[in-house]
Amino acid sequence: MNENNETLTRGFTLMGLFTHNKCSGFFFGVICAVFFMAMIANGVMIFLINIDPHLHTPMYFLLSHLSVIDTLYISTIVPKMLVDYLMGEGTISFIACTAQCFLYMGFMGAEFFLLGLMAYDRYVAICNPLRYPVLISWRVCWMILASSWFGGALDSFLLTPITMSLPFCASHQINHFFCEAPTMLRLACGDKTTYETVMYVCCVAMLLIPFSVVTASYTRILITVHQMTSAEGRKKAFATCSSHMMVVTLFYGAALYTYTLPQSYHTPIKDKVFSAFYTILTPLLNPLIYSLRNRDVMGALKRVVARC
């Protein structure tokens, strides 16, 4: 009880993504650029998909909500990190840390599910195009979206209370750039069995199952593409699928490292780098890879510019 009362009073200190040295200004500038580019790219995607009738399709509906999640996701973590660097301190209250942990888990869980279900959407579009209007109807799209948000919310409501109710009797310095659950666990003392059990169940449900759906869908897509008679169409489809798989592998791979590998494989530097992949880099790559390279999206952008 004393440890919990002290934590509520003192809060925590975030050590940040990088230390203050002669290169820190460069890294700060890079992260600033990535953050603003991600916000602009996702904002453009949301705007175009909402105003252009040509993009009012199930696929772009899901992509617009992926952009919404990415915008919320990166906004939960990066602004606080940048302000901490400028102010030269990383203090965060217990309530703010709990809120950040809750929000990032919810957004991350929602994105895990949405990416998995979007891979299924692409599988149906390429492998069963004649049945696409039936299998991916607007009703199904809303169900996909609702299940993604429900999965993310369930992740937050399960893990956040358990994580933040642990007694933090070791140190109040978090060697990380945000309040990530596995890092918080290292500061805790006492019995962690309940947390580890819930974490294992959540990892199977939130990571391994969606990643298996993604892998199976894209494997089937690649087989179908390989059987295409048109060499140009096959080349274009392979290029699109490979870029999508790169983003998905980066996102899921980094998260699998963070949440499934034993503690003996982890170091603070590795944890920060892998976390940066799926919290900072992925929200920028998603709109670039999934959407802005798409001819329909670029056509919509040109039509908007022409009307201005």
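Glycine residues also receive a Cβ, built from the backbone N, Cα and C atoms like all the rest.
The record in Swiss-Prot pairs Cys97 in a disulfide bond with Cys179, which is drawn from Cys23, Cys179, Cys189, Cys202.
In Swiss-Prot, Ile95 does not share a side of the membrane with Thr229; the two are on opposite sides. Under DSSP, Cys179 (disulfide bond) is assigned to coil, being neither helix nor strand in the three-state scheme.
When Cβ distances are compared across the two stretches, the transmembrane segment (58-78) makes no contact with the transmembrane segment (237-257), since fewer than 3 pairs at least 6 residues apart fall below 8 angstroms. Most Cβ pairs under 8 Å to the transmembrane segment (99-119), among the stretches 29-49, 146-166, 237-257, 272-292, belong to 146-166. Outside the topological domain 'Cytoplasmic' (225-236), and at least 6 residues removed from its termini, the chain residues within Cβ reach (under 8 Å) are 126.
Taken together, the residues of the topological domain 'Extracellular' (167-203) have an average pLDDT of 81.
With pairs at least 6 apart in sequence, the transmembrane segment (29-49) and the transmembrane segment (272-292) have 3 or more Cβ pairs within the 8 Å limit; the two touch.
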